[in-house]
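Before any comments, here is the structure.
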Amino acid sequence: MGGAWQEAVVRSIGAADERMVRLSGWASLALALGLVCVVVPVVNYMRLNPWVFRVMHHWRHHVMRRHGAMCRKLVQQRTLWLALLWCMLGGACAVVGSADVVVVTKRLGRVAAAFMPALFLLTLRPSPLPYTLYLSLLPMHKWLGRVVVLQATVHSALYTWYFATSGKMAKMKKTANWMGAVALLAFVLIAATSLPAVRRRRFRTFYYVHYVGTWVSVLAVHVHSRPPVTTYTVLNVALLLYQAWYRISRMSTTTVTVVPISTSLALLEFPLADLVEKPQLPSGHVRINLRAPSILGRVFQHIMPMQHPFTVASLPTDTTVRLIVRKSRFPLVNNGKYYVTGAFEPKVDFLSHRKRRMPGSWAPEPASPFQCQSPSLQSSPLHYNIKASRVLMVVGGSAISFGLPFLRILNFNGVNVRLIWVCRDYHDLRILSQFRSNFNGLEIYVTGTNCEEQDLNIDYVDYDERSSEGERDPERCALLSPKASEYNCLTPTTGGSTLSGRDAHNYSTFQNRCHSCKHLDRGCRDLEDHAIADINDEIDFTDFFSTRHSTSKYHPKENSKLPVITKDSVFRKPNYVVPPVFDRYDLKTGFTTYTTREKLSIPTGVKLFFGRPVLSPRDYHWCLQKECIGPSETNECCRADIANSTHVDDLARVWVLAAGPQALVEATRIWASDGGLHFHEESFKV
């Protein structure tokens with residue numbers, strides 16, 4: 001083998017081999033940039049096309065369902081397909097057209113260097129690619145980076161083995177060769193700190209190693225590579241400098257007010273005027289960090305700005321920016337000075353800012369067929385162009401900040417919307433009192449568990465077309481997790497029963513279930529019977545406002561005063577709930593603690609559930625419902641049209657949104673994919 005290496009080295013000096021190495025680098029650069037800059041935006045755009053949606057819906061909801069659950073799970077593994085894509089692309093660029101081991105070794109290093117511009121392009125915030133949110137590019141960035149590290153490692157290992165077996169280790173003293181070792185060390189450190197266990201527990205270490213290692217690897221690869229990679233280096237440095245310039249130019253200092261909400265949530269407020277880039281769409285996000293007290297610390301923060309992303313819970317028209325923050329390691333200092341960057345737009349495909357008509361122009365604005373186009377609505381600052389008829393949102397924990405602005409905007413623009421919020425503690429409901437909004441469609445699920453917020457999840461039940469015919473399927477109960485089934489399959493509905501209160505025994509029973517769920521029997525009520533919910537399932541606070549006499553005529557008495565409408569009476573008054581005293585087992589101390597009664601203000605229109613939500617066929621049928629032609633107590637006018645053409649056309653105007661913990665977002669994505677629905681996620685996962 002050593003002789004073959006030596007003969008190959010002699011042959012590799014030829015011009016033909018050098019051209020092959022250069023060609024593989026240019027091909028890798030073109031393919032990677034083409035995939036990122038062209039294929040990704042085109043795919044995102046084509047998903048919005050009605051014909052493409054019809055084909056994808058038929059493939060996901062009808063064809064794939066015939067091949068069993070294992071086949072569907074295999075298709076839904078985005079991580080697997082991304083890994084295969086980049087491994088096949090990198091391997092093909094390094095191997096195809098050459099059988100010489102030395103040429104292949106050199107091409108491995110060349111391809112790794114050629115992939116770096118595309119790797120850095122995927123990290124730009126915000127992404128310059130149309131129809132693309134930069135958060136959605138992070139999985140692709142991770143796997144492309146792993147392929148780069150793998151190819152660089154194989155390249156270095158083969159050359160090191162050759163130097164060792166041929167007695168030429170002295171060549172490692174050359175600047176170009178030991179700079180290659182420096183580049184490899186930077187790659188390995190980046191890969192090691194990028195492991196989930198390190199990245200989540202030691203994020204600061206991960207960030208600093210990632211930031212420093214990026215610059216070290218770019219410079220070391222430039223010195224090491226032969227033939228030179230000047231073009232790659234120019235692209236890499238340009239992308240990194242652009243990202244630094246964009247961040248610094250949109251960074252400002254603000255004073256933050258911290259409002260405690262519960263043991264797990266806090267509300268941060270600062271003036272909108274302090275943002276350099278004002279938000280245009282709801283549910284954008286900003287990146288924020290506590291300003292260092294010393295000048296050297298501030299300089300360091302500008303060089304290596306580690307900022308935390310938070311979704312803006314307020315509307316773009318509000319004068320105050322509000323952030324709902326989970327209490328963790330992020331420093332919360334009332335009236336403290338913070339650096340804030342942004343805002344970054346959410347890039348939700350069905351929503352766009354209205355285009356103002358130019359003075360003197362008679363061209364009408366494009367009207368959405370799903371919205372009321374009254375002059376008063378179009379003149380409102382809350383009016384947006386919305387190409388959706390129904391929106392189902394699922395959020396967990398502090399990600400309610402993503403759902404609240406959308407809930408208000410969609411309700412205002414006449415879009416049917418449901419917002420499912422999964423939280424751990426009912427005290428988190430205090431956050432609703434900080435927002436004056438239309439909460440119609442908000443459903444809250446209190447799990448009552450002691451898990452971390454990132455462990456919040458949602459269950460989903462597999463379904464088929466037979467469930468729309470009312471067939472009872474007792475096997476569905478076995479598909480639910482223990483936490484879902486023990487709460488009687490609390491699937492959200494649009495027509496559940498109501499109650500005015502809950503006694504102390506039932507609430508205490510719920511709390512006990514939360515802490516001993518593993519010892520309970522799995523019981524599940526059939527999904528078709530959920531519309532007749534019993535009184536232990538749901539609290540619908542709209543029942544406090546009786547409508548029995550709403551159609552009666554109003555006959556004012558003589559000298560009676562008409563009600564005066566003020567700005568405080570625009571929204572319906574909230575209801576107050578006094579939870580009973582219940583016991584909670586403290587895992588840290590090992591003792592049972594007792595909470596005191598506390599009055600909580602619950603806005604009207606909110607539905608409160610105890611347990612873990614389950615996305616089921618009933619939610620899918622809600623997505624199929626049409627507009628009601630008038631008020632109805634039975635909702636019989638809102639029936640789904642199961643005809644194939646109308647069925648797909650209706651679903652093309654339905655969107656499913658998810659935000660929050662990764663497990664919750666992934667479960668919602670799979671449910672939406674099985675149903676062939678549009679899906680958008682907002683997850684700041686690391």
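Cβ atoms here come from the backbone N, Cα and C positions, even for glycine.
For reference, Swiss-Prot has these:
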{"type": "BINDING", "residues": "His308, Pro309, Phe310, Thr311, Val312, Ala313, Ser314", "note": "FAD binding site"}
{"type": "BINDING", "residues": "Ile431, Leu432, Ser433, Gln434, Phe435, Arg436, Ser437, Asn438, Phe439", "note": "NAD(+) binding site"}
{"type": "DOMAIN", "residues": "108-666", "note": "domain 'Ferric oxidoreductase'"}
{"type": "CARBOHYD", "residues": "Asn506", "note": "N-linked glycosylation site"}
{"type": "CARBOHYD", "residues": "Asn644", "note": "N-linked glycosylation site"}
{"type": "TRANSMEM", "residues": "23-43", "note": "transmembrane segment"}
{"type": "TRANSMEM", "residues": "79-99", "note": "transmembrane segment"}
{"type": "TRANSMEM", "residues": "111-131", "note": "transmembrane segment"}
{"type": "TRANSMEM", "residues": "147-167", "note": "transmembrane segment"}
{"type": "TRANSMEM", "residues": "178-198", "note": "transmembrane segment"}
{"type": "TRANSMEM", "residues": "205-225", "note": "transmembrane segment"}
{"type": "TRANSMEM", "residues": "256-276", "note": "transmembrane segment"}
{"type": "TRANSMEM", "residues": "392-412", "note": "transmembrane segment"}
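Features as recorded by Swiss-Prot, highlighted on the structure.
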residue: His308; record: FAD binding site; contacts (Cβ under 8 Å, 6+ apart): Arg287, Ile288, Asn289, Phe330
residue: Pro309; record: FAD binding site; contacts (Cβ under 8 Å, 6+ apart): His285, Val286, Arg287, Phe344, Phe684
residue: Phe310; record: FAD binding site; contacts (Cβ under 8 Å, 6+ apart): Leu268, His285, Val286, Arg287, Ile288, Leu323, Ile324, Val325, Ser401
residue: Thr311; record: FAD binding site; contacts (Cβ under 8 Å, 6+ apart): Ser283, Gly284, His285, Leu323, Ile324, Ala399, Ser401, Phe402, Ala659, Glu682
residue: Ala313; record: FAD binding site; contacts (Cβ under 8 Å, 6+ apart): Leu267, Arg322, Leu323, Ile324, Ile400, Ser401, Leu404, Pro405, Phe435
residue: Ser314; record: FAD binding site; contacts (Cβ under 8 Å, 6+ apart): Leu272, Thr320, Val321, Arg322, Pro405
residue: Ile431; record: NAD(+) binding site; contacts (Cβ under 8 Å, 6+ apart): Ile261, Ser262, Leu265, Leu267, Ile324, Ile400
residue: Phe439; record: NAD(+) binding site; contacts (Cβ under 8 Å, 6+ apart): Leu407, Leu432, Pro603, Thr604, Gly605, Val606
**Report entry** Val312 (FAD binding site) versus Ser437 (NAD(+) binding site) - Cα distance in angstrom
**Finding:** 15
Query raised in the report: Other than Ile431, Leu432, Ser433, Gln434, Phe435, Arg436, Ser437, Asn438, Phe439, which residues of the chain come within 8 Å of the NAD(+) site, judged by Cβ distance to the Cβ centroid of those residues?
Result: Leu404, Pro603
Query raised in the report: What same-chain residues lie close to the transmembrane segment (256-276): Cβ under 8 Å, and 6 or more beyond its ends?
Result: 249-250, 286, 288, 310, 313-314, 318-327, 332-338, 340-343, 397-398, 424-425, 427-428, 430-431, 434, 453
Requested in this report: For the transmembrane segment (178-198), find every same-chain residue at least 6 residues outside the stretch whose CB is under 8 Å from a CB in it, and list them.
Outcome: 109, 142, 145-146, 148-149, 152-153, 156, 159, 172, 205-206, 209-210, 213-214, 216-217, 220-221, 223-224
Report task. List the Cα distance (Å, whole number) between Ser433 (NAD(+) binding site) and Val312 (FAD binding site). Result -> 17
Query raised in the report: Do at least three CB pairs under 8 A connect the transmembrane segment (147-167) and the transmembrane segment (79-99), leaving out pairs fewer than 6 apart in sequence?
Result: yes
Query - Contact set, same chain, for the transmembrane segment (147-167): CB under 8 Å, 6 or more residues outside the stretch - result: 1-2, 5-6, 9, 86-87, 90, 94, 101, 105-106, 108-109, 111-112, 115-116, 119, 180-181, 183-184, 187-188, 190-191
**Report entry** Around the Cβ of Phe435 (NAD(+) binding site), the count of other Cβ atoms that are within 10 Å
**Finding:** 21
Query raised in the report: Which three-state DSSP class does Ile431 (NAD(+) binding site) fall into?
Result: helix
Query raised in the report: Taking the Cβ of Ser433 (NAD(+) binding site) as centre, how many other Cβ atoms lie within 10 Å?
Result: 13
**Report entry** Which of Val312, Ser437, all binding-site residues, has a Cβ with the fewest other Cβ atoms inside 10 Å
**Finding:** Ser437
Report task. According to DSSP, folded down to helix, strand and coil, what is Ser314 (FAD binding site)? Result -> coil
Report summary line: Mean per-residue pLDDT in the domain 'Ferric oxidoreductase' (108-666) works out to 74
Query raised in the report: Looking only at DSSP and grouping its letters into three states, which state does Phe439 (NAD(+) binding site) belong to?
Result: coil
